[in-house]
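As written in Swiss-Prot, here are the features:
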DISULFID  Cys3-Cys17  disulfide bond
DISULFID  Cys10-Cys22  disulfide bond
DISULFID  Cys16-Cys32  disulfide bond
Amino acid sequence: ADCGWLFHSCESNADCCENWACATTGRFRYLCKYQI
């Protein structure tokens, strides 16, 4: 199954790859970023 790649738009962590998080980058944009 595909998962949200880096900087892929998302609504929640479920939209991102495992160990990635849906993080805000601005007022309304949420993008997948790697969780260390």
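Heads up, the Cβ atoms here are built off N, Cα and C, so glycines get one too.
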Give me the long-range Cβ neighbours of Cys10 (disulfide bond): same chain, 6+ apart, Cβ under 8 Å, in sequence order.
Gly4, Cys16, Cys22, Tyr30, Leu31, Cys32
Fewest Cβ neighbours within 10 Å, where candidates are the disulfide-bonded residues Cys3, Cys16, Cys22, Cys32:
Cys3
In terms of DSSP three-state secondary structure, what is the assignment for Cys3 (disulfide bond)?
coil
